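Following: one structure in structure tokens, then a few remarks.
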Amino acid sequence: MNTQFNPTEQQVISFTRPDDWHLHLRDGAAMQSVLSDTARCFARAIIMPNLNPPVINTEQAAAYRERILAAVPDEMEFEPLMTLYLTDTTSPDEIVCARNNGFIHAVKLYPAGATTHSTAGVTDISRCYTTLAKMEALDMPLLVHGEVVDPVIDIFDREKIFIDRVLLPLTQRFPGLRIVFEHITTREAVDFVQTTSGKIAATITPHHLLLNRNALLVGGLRPHHYCLPVLKREIHRQALIEAATSGNPRFFLGTDSAPHPVPLKESACGCAGIYSAHAAIEFYASVFEQTGRLDRLEAFASFHGADFYRLPRNRDYITLIRQPWKIPEQLEFADSKLVPLGAGDCLNWKLVT
Ligand SMILES: NC(=O)N[C@@H](CC(=O)O)C(=O)O
Ligand SMILES: [Zn+2]
Ligand SMILES: [Zn+2]
């Protein structure tokens, strides 16, 4: 670690307060222990609905929103942007209800069995066509966990194949539907988002920018680097870095911060999910700095997502200073602990709070 002062290096960055466009807050005591990590930095976040049981209607989303707001520490401000979990039986009327409610900003598609808490997800997208048509008509965005669940498809190919089998046909059938391809992990996903004529954007996580699959598998199995979609080869990580730092407004920040307690990660069958909220903006800053594109961090973190969701950009600012600090090995998580992304590592940037 080089902590010597280098006068040619930028020491402070200030920019418009960012939002997190993909976040798992969980519920109850678990939510209570992670919420301030997000609220210290982000003004708003798109809240994933994969609770157990999932958030499938407007009433449940409104109640969840109230629980989140009640858990925000007094000295912080934070706006949860709610989503509904799409099922085979979500009705067009439910979309109308969600749209009229005003707090619901999107509907999330989990292919059944694709990821954590997705058993109630969609078994066949054609069952949702009338509901998707209503979303298109009411301009309600669809958020997508983009992986096929076909057991014969290799796990490293599940995103790529999802594009051809599901996403491309979906954009052709519903050209007016706004879609966010969540937590993209492959060069193919980057290419698709860049070139499609559909109204598509994508979120990119800090862990997929920082790590390739060696971080999961070399030198021993590292369960805290296991997430879905699973980490990919270095060429894919490079494509994601290029996309995130390109200035293209179709790419924006979404941490997919997904906390799980240590015993469920360090297990014979460990859960998918990486926790990054404790240092999210600092992780992104280090990636953008390494690429020589700190000047493009603000647009990626604070403008592109708000513009896509047609929400006003935030008006206040955050400041990061160059101050090396060590990420804790563990954090409290309800009555357990979690191991955060970068545990024990040093970060050069620190958010001033
Ligand atoms: N990303 C993950 O690996 N896990 C997420 C679910 C998801 O976003 O797919 C979770 O809820 O734990
Ligand atoms: Zn997902
Ligand atoms: Zn997620």
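Note: Cβ is positioned from N, Cα and C throughout, glycine not excepted.
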Exercise for the section: Name the residue, out of LYS108, LYS160, LYS199, that TrEMBL lists for the same Zn(2+) 2 site as HIS145, HIS183, please. Expected result: LYS108
Practice task
Given that TrEMBL annotates HIS24, LEU25, ARG26, ASN50, HIS145, LEU228, ALA272 as substrate-binding, name the residue from HIS236, HIS260, HIS278 that shares the site.
Solution key: HIS260
Exercise for the section: Report the candidate from ASP256, ASP295, ASP307 that shares the Zn(2+) 1 site with HIS22, HIS24, LYS108, as recorded in TrEMBL. Expected result: ASP256
Handout entry: Of HIS22, HIS24, LYS108, ASP256, i.e. the binding-site residues, those within 10 Å of HIS145 (Zn(2+) 2 binding site) when Cα atoms are compared
Key = LYS108
Practice task
Kindly point out which of the binding-site residues HIS22, HIS24, LYS108 have a C-beta less than 6 Å from some atom of ligand 1.
Solution key: HIS24
Problem - Cβ neighbours of HIS183 (Zn(2+) 2 binding site) where a neighbour is any other Cβ within 10 Å - result: 26
Exercise for the section: Starting from the Cβ of LYS108 (Zn(2+) 1 binding site), draw a 10 Å sphere and report how many other Cβ atoms land inside it. Expected result: 25
